[in-house]
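Everything on this sheet refers to the single structure shown next.
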Amino acid sequence: MKPFSQFFVFVVTVSATSYIDAFTRNDFPNDFLFGAATSAYQWEGAFDEDGKSPSVWDTTSHCDSGSNNGDIACDGYHKYKEDVMLMAEMGLESFRFSISWSRLIPNGRGRINPKGLLFYKNLIKELRSHGIEPQVTLYHYDLPQSLEDEYGGWINRKIIEDFTAFADVCFREFGEDVKLWTKINEATLFAIGSYGDGMRYGHCPPMNYSTANVCTETYIAGHNMLLAHSSASNLYKLKYKTKQRGSVGLSIYAYGLSPYTDSKDDETATERAEAFLFGWMLKPLVVGDYPDIMKRTLGSRLPVFSEEESKQVKGSSDFVGVVHYNTFYVTNRPAPSLVTSINKLFFADIGAYLIAAGNASLFEFDAVPWGLEGILQHIKQSYNNPPIYILENGKPMKHGSTLQDTPRAEFIQAYIGAVHNAITNGSDTRGYFVWSMIDLYELIGRYMTSYGMYYVNFSDPGRKRSPKLSASWYTGFLNGTIDVASQDTIQLQRKCSGSSSL
């Protein structure tokens, strides 16, 4: 495999010249999907309505005082028709959303909730009626609390059977109208963030180091995710694929990576980071086993695939879902004092420290489009050029700061340019989804930060939506009225200047 470091020179060379080149929607393949994304807990609200049971995020967010939770969020459960109309007006070609396991199957297994089933059928029908392709994620961090309480969730192999049964219901009930299925969202980050720092969700307060074996649970959870994903994939291929003709995939959180210096130590550290952050999930999907460097580093802490499991995992993804926001320089300095407290044990295993390329605060981070281009080229060359969907990419800003979110429009423009470059250079990238369609309850920033192209007034009981400049830019790009090489973003800002305040 080519390490990430070998792409850095290529990416920097093209980034200086290519992102200002003209491109339009017509420069992408006809079947390429441009869309936007949300997730169930962050968008739906209605946390205890119509038979829904608590998820681990309901439990965890209720540890906070006041209304700092997703109980109502954007109220998408009641306002989905309004939101689909906004998508249609924008010209979205696809909408990515997740299905709440605890809304559809409240006990985690067994009885289907008819009102939950009807909601998702109606949402999919509404999307289809407006010519919008549903892209469905089965798991977006919101395990039914009942399964967490019963056996500990993803660290127990019982999750494989329960997740496969949940997927079976979804394929059976929605599969005629859904052709793109992502099994698990951000599998890498979910395992690291939920288990690697010992703060497992579904507890109030969340589990800490004294009650969780953080040295092993990250890798156990990741292993069980791969087995659950491959089990559900095998089910789909045997039972549904011939008739429904859909595709199934797994999503990873993909950091852009580059050596901090040209030293051998930093290049080697970057190779280790690539193995842990990409190869951990992607290599089993290609060859049926973990990267050698992970096996050498972790020893008995890394679970082992049986021969049968290896065969099942290999080839179990029709596509790779990429979630990308940040790019980092990698340096070989694993001293604990240099590693942030969150995820520190995982990065100690890597033996590396990640330094943000540009500003990377809670409310803002810089556009580093060469990072995404490098990711797409790396996956192409290291993992047999699989089909890729960029399932999330977007820019945070302080919520309620302005409707004229020019930095967000410029961010989206730059990253679409990076995708265009990667496709030109042979990447089989097939879709790009902005995070997010509207302002959401953010799992980290709560209501302080937002990514939406539509502003949501969370103080308004009606959750009024208002378009931002980025929504107008994306609309113009999709319908061909925005010339990316011109000053149209600036002109658009002037045109919208009369509605900049909230």
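Note that Cβ sites are derived from N, Cα and C of the backbone, with glycine treated the same way.
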Q.
Of the candidates Tyr240, Tyr255, Tyr325, Tyr329, which one does Swiss-Prot list alongside Gln42, His140, Asn185, Glu186, Glu392, Trp435, Tyr451 as binding beta-D-glucoside?
A. Tyr325
Q: Determine the Cβ neighbour count for Glu186 (beta-D-glucoside binding site): the number of other Cβ atoms within 10 Å of its Cβ.
A: 25
Q) Within the chain of Tyr325 (beta-D-glucoside binding site), which residues six or more apart in sequence place their C-beta under 8 angstroms from its C-beta? A) Phe365, Glu392, Asn393, Gly394
Q) What's the CA-CA gap between Asn479 (N-linked glycosylation site) and Trp435 (beta-D-glucoside binding site) in angstrom, rounded? A) 20
Q) glycosylation sites Asn359, Asn425, Asn457: which have a Cα within 10 Å of Gln42 (beta-D-glucoside binding site)? A) none
Q: May I ask for the distance between Glu186 (beta-D-glucoside binding site) and Asn359 (N-linked glycosylation site), taken between their Cα atoms and rounded to an integer number of Å?
A: 23
